[in-house]
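What TrEMBL records for this protein:
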- 12-35: transmembrane segment (TRANSMEM)
- 54-559: domain 'Neutral/alkaline non-lysosomal ceramidase N-terminal' (DOMAIN)
- His144, His253, Glu490, Tyr530: Zn(2+) binding site (BINDING)
- Ser304: active site, nucleophile (ACT_SITE)
- 561-726: domain 'Neutral/alkaline non-lysosomal ceramidase C-terminal' (DOMAIN)
Amino acid sequence: MADRKCCGVSAVKLTLSILLFLVTAACVALIVVLVTRKTDTGEPPHYILTHKTYLIGVGRADCTGSAAEIPMMGYANSQQKAAGIHTRLFSRAFIVDDGNQRVLFVTADIGMISQRLRLEVLKALQEKYGDLYRQENVVMSGTHTHCGPGGYFQYTLFMITGNGYVKESTEPLVNGIVKSIDIAHRNMRPGRIYVNKGELVDSSLNRSPHSYMNNPEDERKRYEKNTDKQVVVLKFTDLDGDGIGMISWFAVHAVSMNFTNRMVSSDNMGYASYLLEQDKNFGELPGQGSFVAGFSSSNLGDVSPNTRGPHCMNTGLLCDYLNSSCPVGGTKMCKAFGPGEDMFESTRIIGHNIFMKAKELYANAVHEVTGSVQFAHQWVNMTDVTVQLNDTHTGRTCKPALGHSFAAGTTDGGGDLNFTQGAVEGDPFWDGIRDALLGPPSNQTKDCHHPKPILFSTGEMNWPLPWHPSVVDVQIITIGSVAILAIPGEMTTMAGRRLRAAVKKELEAAEKFKNAEVVIAGLSNVYTHYITTFEEYQIQRYEGASTIFGPHTFAAYLQKFTNLARAIAQDKVSELPVGPEPPFFTNLFNLMAAATYDAKPENTSFGDVLDQVNSIYRQGDVVSVTFVAGNPRHSGDIRDKTFVTVEMYDNLTDSWEVVHNDASWETRFHWLKGSNRRSNATVEWHIPSSAPSGLYRIRHFGHYKQLQGLQTIITPYEGSSDIFRVVSSFYHQ
């Protein structure tokens, strides 16, 4: 019996031990699965987050579209078609997750986010990630460069200036943005967020001061300047404190590169990103390295980087203050310049200023962002919003329309015809032409938009497709006490100030948003031109004439955004109506002709050098070489590729090392379309003072299209300059 009892106890102990082992093993396995498993959406590892940490992902991807023949989006100048690359365009994505909810912010080096682009990106995200990234928690913003390809819109007005809906423009944007999000998604890890802000002076100028001065005097007295000088920075680090990324907001137009430029360029905001990423990803080529620096647009509607102000090009005198025109030449002669001697130097100065301020704020950011992640989104029919103006009066928004001063352009890029800013009466000549071709605006629309004299009643023009959007996104995302307002257009300085203050007041009614920091992300989600205050609208300069939903446009946005903020503060987002879904048109037109076959001079090959380099240069010189080239459109999807490399010979490895490509600030790739289907490519290398002495060469890559029999053949080619030497001085002691 004793032995049996002993054995029985041993058996029980053994059984319990085995069970304990199995339970322990199962628990360990479960923990491993929970920590390391990935969903079919490629979800990163799951982490346990504290109240001060977030899951953070950052990503960057090339979204450069065709570098030839595509109309550029921004100046609406029919002569400004792409013909080379100054700098490449990138999409930068930032994901923040508090363990319960997630938001995604994208800033892309393009003119603006169009409704069509947003819908196509959201569709691609839904196919990859299900409902993880959707219209409610995804904000997409454009930096507002005016030197990126157009052709990614679905409304007639924008399609006319962009040669229709152009797939070779749209697909690189969609794929590049989605790729940046994929990278951010894969790289998510625990981290911390800090916020800092400061002021940047001497980098912006109000281009419509007459309109600004029409705002109430007591309101204007609350501010020292007539543009926002505020720079806000969000700093992202891992748990060790190592920086992984940054977003900066500053209100200035990306129009340092003017309408005479034909090269794809990310302009001043893109150059600021370039500088900070080169600083943090030392030794890497542009677009490479883990640190991602996004510089986002803000309430830039009336803000120019051309700090010398507008002058008459034919006399050098100041333009007329009220209508920005010149006695001889009108608005076409009135142009704003500076601070540099040419557009490249101006881009460099403004971009460097923005970079330096952001770098300083990033380095000194110590105020940690804590709290939950939230978001609120609605679709709004902006043609039919009732606005409560005061206790007894209401107003309404209007069907879209553009005023006469829209055709005058701005001091950053004036129109070609005899329109002037500040027009509050129509012109019988132009109105007659409009009525004959497009039909007159209705009396209801004219009354609604008063005092705007309507040039194009776009809300009443629907052939072949609606000329302007009616359904618009309004959206707020919050990370702790930081609120990002996704503005579907270009909001002026005072409009932005009013909106920030109103949203801040609504949020701070809740304890969790004490000391809220509210930022405006301009040109987000859908483009609806400008948003001025009611008072600015009365002056009818370009910005007021381009406020398409009428004088109460800003009041409608103020009402909608404060409603979103109130819903977030009171945890009532689920009670918000979704609103009418925007259309996704299928019958889009494309006016871009296919690129023609390439030809070359006799006894040459594609890639041959026509104009050779010199044998020796100094730092600060410009190297130039010209090649027999094909049309860059024949290179197809050019993302993550290059038309240009600058290479230095490495004596130790007996090999050539790429030191610059066509994304580098120091290079310029010019494509010149000649006669008889021939074209040349000229590559410039502006040798920086930091360039080491040594042997270099410049290479060019491309594709040409030819007809062989009945078959079209596209063939890659490459060419190289002679080897040349870079020295610090031609004189040796």
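Backbone N, Cα and C atoms are what each Cβ position is placed from, and that goes for glycine too.
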Zn(2+) site, defined by His144, His253, Glu490, Tyr530: further same-chain residues with Cβ within 8 Å of the Cβ centre: Ser297, Leu300, Gly301, Val303, Gly489, Gly522, Leu523
Pairwise Cα distance for His144 (Zn(2+) binding site)/the residue listed as 'active site, nucleophile' [Å, integer]: 12
Lowest local Cβ density (other Cβ within 10 Å) among binding-site residues: His144, His253: His144
Whole-number mean of pLDDT values that fall within the domain 'Neutral/alkaline non-lysosomal ceramidase N-terminal' (54-559): 97
Residues that sit under 8 angstroms from Glu490 (Zn(2+) binding site) by C-beta distance, when 6+ apart in the chain: His144, Leu300, Gly301, Gly522, Leu523, His529, Tyr530, Ile531, Glu543
Between His253 (Zn(2+) binding site) and the residue listed as 'active site, nucleophile': CA-CA distance (Å): 5
